[in-house]
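*Asks:* Let me give you the structure first, and then I'll get to my questions.
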Amino acid sequence: ANKRPAWIMGHMVNAIYQIDEFVNLGANSIETDVSFDKDANPEYTYHGVPCDCGRSCLKWEYFSDFLKGLRKATTPGDSKYHAKLVLVVFDLKTGSLYDNQAYDAGKKLAKNLLKHYWNNGNNGGRAYIVLSIPDLNHYKLITGFKETLKSEGHPELMDKVGHDFSGNDAIGDVGNAYKKAGVTGHVWQSDGITNCLLRGLSRVKDAVKNRDSSNGFINKVYYWTVDKRATTREALDAGVDGVMTNYPDVITDVLNESAYKAKFRIATYDDNPWETFKN
């Protein structure tokens, strides 16, 4: 049977030591917060208060240091290497910036990743990267990122980069933002809310419908933050590709239940995260 590859996405992994912690609990993907200084430089991997219930909100690294740690965790042959860790979502906290700084934020983000993660294109980290932007008005971050990799001589690295708008906007509005940014693929669509609150699955179902339609723009759908078995089952039943969680072991347990084992498998490096799964 053709099983849907699933991404178990460790939520709020902002200290380097947490990479091991979350992957060892079953995550094959992590989400990391990125905060910016007033000049649109990515500064810290930091969430801050408030954050998910039951989590410390204050763990952080300098962004460049985190990237170096992440590179080690995703470079075959390194002592810290995890073959299982194949996708990283950067939750870009651009709310602190003016709309007209989005391009610069993308440019500076690209330079940081190029140097500290991709090692200037020389045997850098291998994980796929999703740039997750909270505000549709900040679509020029994508343009800045793409144009910088090109001008720095590494346009091929965009093959490893995907996109997400995380503001729970209407799906049509998200599609329009991608048109403006010139994005025609590599689209993950998030939907969700902090684990302190409940949220239904109606928009997730809209996103799945777009993904599975012949003219949709979405390749993968993920739901956050899912900490309970019942919610995990509901999300999987709705057909998501990824579940973001504070407890990767909980999601792993559910995926091991016979009903889900028949339909899903844990995604590996050979699963292209930009390809829509066809049953």
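Note that Cβ sites are derived from N, Cα and C of the backbone, with glycine treated the same way.
Not measured: the values here are computed from a predicted model.
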*Asks:* Based on what Swiss-Prot records, which one of CYS53, CYS57 is disulphide-bonded to CYS196?
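*Replies:* Checking Swiss-Prot, the candidate bonded to CYS196 through a disulfide is CYS53.
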*Asks:* Out of ASP91, ASP99, ASP104, which one does Swiss-Prot list together with GLU31, ASP33 for Mg(2+)?
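*Replies:* Site partner of GLU31, ASP33 for Mg(2+), according to Swiss-Prot: ASP91.
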*Asks:* Rank the disulfide-bonded residues CYS51, CYS53, CYS57, CYS196 by the number of other Cβ atoms within 10 Å of each Cβ and report the first-ranked residue.
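*Replies:* Selected residue: CYS51.
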*Asks:* For HIS47 (active site, nucleophile) and CYS196 (disulfide bond), what Cα-Cα distance in Å is obtained after rounding to a whole number?
*Replies:* 16
*Asks:* Please list residues from the chain of GLU31 (Mg(2+) binding site) whose Cβ is under 8 angstroms from its Cβ, counting only those at least six apart in sequence.
*Replies:* MET9, GLY10, HIS11, MET12, VAL13, VAL88, VAL89, PHE90, ASP91, SER132, TRP224, MET244
*Asks:* Can you tell me the CA-to-CA distance separating ASP33 (Mg(2+) binding site) and CYS51 (disulfide bond), as a whole number of Å?
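*Replies:* A Cα-Cα distance of 11 Å.
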